[in-house]
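Pulled from Swiss-Prot:
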REGION    1-204  region 'Pyrophosphorylase'
BINDING   LEU6, CYS7, ALA8, GLY9, GLN74, GLY79  UTP binding site
BINDING   THR80, GLY130, ASN142, ASN158  N-acetyl-alpha-D-glucosamine 1-phosphate binding site
REGION    205-224  region 'Linker'
REGION    225-411  region 'N-acetyltransferase'
ACT_SITE  HIS308  active site, proton acceptor
BINDING   ALA384, LYS401  acetyl-CoA binding site
Amino acid sequence: MDAIILCAGKGTRLHPITESRPKPMIPIAGKPIIEHIIEKIENHVEKIYLIVGYQKEKIIDYFKDNPKIEYILQEKQLGTGHAVLTAKNFIKGDFLVLNGDVIFEDSIDEILNYENAVSLSNVDNPENFGVIELGYDNKIINLLEKPKKEEITSNLINAGIYKLQNSVFGILENLAPSERGEIELTDALKKLIENGKLHGVELKGYWNDIGHPWDVLSANNHFLNKIISKVSGKIENTVSITGNVIIEEGAVIKPNSVIEGPAIIKSGSIVGPLAYVRPNTVLMKNTFVGNSSEIKGSIIFENTKIPHLSYVGDSIIGANCNFGCNTITANLRFDDKPVIVNIKGKPVKSVRKLGAIIGDCVKTGIQVSFMPGVKIGSNSLIGANCLIDRDIEQESFVYKKDELVITKKRN
């Protein structure tokens, strides 16, 4: 049996992080979402076909040494069903299909017992997903995409993991495009439901559909709490390390720094002196957290520098960023309500604590502050003494026009 993983989409709800990488390459607990998926299935399949499109080189380069993986280009993103169809000539028998942006803990063993099956997850907000109604013997009797609250009959939703027979390709080929003009995999599933040929298997463990920045941080927190301590880097004098912490070889923790796990500090990173890394933090390769800086519950991407007197909380900071002295990310509203984030032009409630979401190659001057939930596009410059209270598009230069008044002093 082979597997197909859908990785071609742009992930626009995760801008600015996905301005520079495909969504499946966003790191969760130090490794890409798609790597977590592959680890779950690779012992069950002979080949893994990654359906790639947007920024495909990032995926291909990362997995170039894995002999099980092959790549199929979806030149135009014409729907999930169309993406699966691109693999038709490569798949000879039954196969798995997985969305490239779902992360989960359960084994896939149970779904393999059926000819056609969908993994299900029990969630608190089913209106945001495809809601599944189960009948006798785990047969699916209804699938309703993003229903109104009054239409919801179940909290079980389509978890984006499928076991399908080869005959599904024939169903997909005969589907009419949806209202969006796309070939939808869910329309093929509805055909199977009509014929009583689709089963549902409920996942009992953790599952998350990574659709928003706070989903990234939530999944990161969950999987960090599964790590086992391993300290291979250089730990200098008077360093305090508590909890489960991974410090890779080549990382350096300088004197008087405090590391509280769970946390991961990757190779080439330098922390301190007198730095504070708090729980649920990941420092990717070659990052620098300097004197009297504090990082809490955040993901700091490769080659980013947060040199001194800065605070980063509940934030995602892209690669190759450089923060000026006393750069601060606020992460909590005065009224304790969920932080509002602008997603594709609409205000969306996120979570109680959320800092800044900053793209790659952003530089800040001294004393820059970011209000909760703001997003800063890639390759932007933020001048000194700015308070950023709104989203900034990529390639922007932001500065403050304060007038400096100089007069003769009084005698």
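The backbone N, Cα and C atoms fix where each Cβ goes, and this holds for glycine too.
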Same-chain residues at least 6 beyond the ends of the region 'Linker' (205-224) whose Cβ lies under 8 Å from its Cβ atoms: 13-14, 17, 23, 26-29, 33, 36, 99, 101-106, 121, 129, 159-160, 261-264, 279-280, 282, 297-299, 314, 316, 341, 343, 348, 350-351, 354, 357, 375
Candidates LEU6, CYS7, GLN74, THR80, ASN158 (binding-site residues) - the one closest to ALA384 (acetyl-CoA binding site) by CA: CYS7
Inter-residue Cα distance where the pair is GLY130 (N-acetyl-alpha-D-glucosamine 1-phosphate binding site) and HIS308 (active site, proton acceptor), in Å: 46
Nearest-integer angstrom distance between the alpha carbons (Cα) of ALA8 (UTP binding site) and THR80 (N-acetyl-alpha-D-glucosamine 1-phosphate binding site): 10
Across the region 'Pyrophosphorylase' (1-204), average pLDDT on the 0 to 100 scale: 94
Largest separation between Cα atoms (Å) of residues that the record links to N-acetyl-alpha-D-glucosamine 1-phosphate, namely THR80, GLY130, ASN142, ASN158: 19
Cβ atoms near ALA8 (UTP binding site) (within 10 Å, other residues, all chains): 26
CB within-chain contacts under 8 A for LEU6 (UTP binding site), separation at least 6: ILE51, THR80, ALA83, VAL84, VAL97, LEU98, ASN99, GLY100
Cα-to-Cα gap, GLY9 (UTP binding site) vs ASN158 (N-acetyl-alpha-D-glucosamine 1-phosphate binding site), nearest whole Å: 19
The one of GLY79, GLY130 whose CB sees the fewest other CB atoms within 10 Å, among these binding-site residues: GLY130
Nonlocal neighbours by CB distance (under 8 Å) for CYS7 (UTP binding site), same chain, sequence gap 6 or more: PRO22, PRO24, ILE34, LEU50, ILE51, VAL52, GLY53, ILE59, GLY100
Where the record names LEU6, CYS7, ALA8, GLY9, GLN74, GLY79 as binding UTP, the maximum Cα to Cα distance in Å: 12
Chain-internal residues, separated by at least six, CB under 8 A from ASN158 (N-acetyl-alpha-D-glucosamine 1-phosphate binding site): VAL118, LEU120, PHE129, GLY130, VAL131, ILE132, LEU143, THR186, LEU189
For ALA8 (UTP binding site), the three-state class that DSSP assigns: coil
Secondary structure at ALA384 (acetyl-CoA binding site), reduced by DSSP to three states: coil
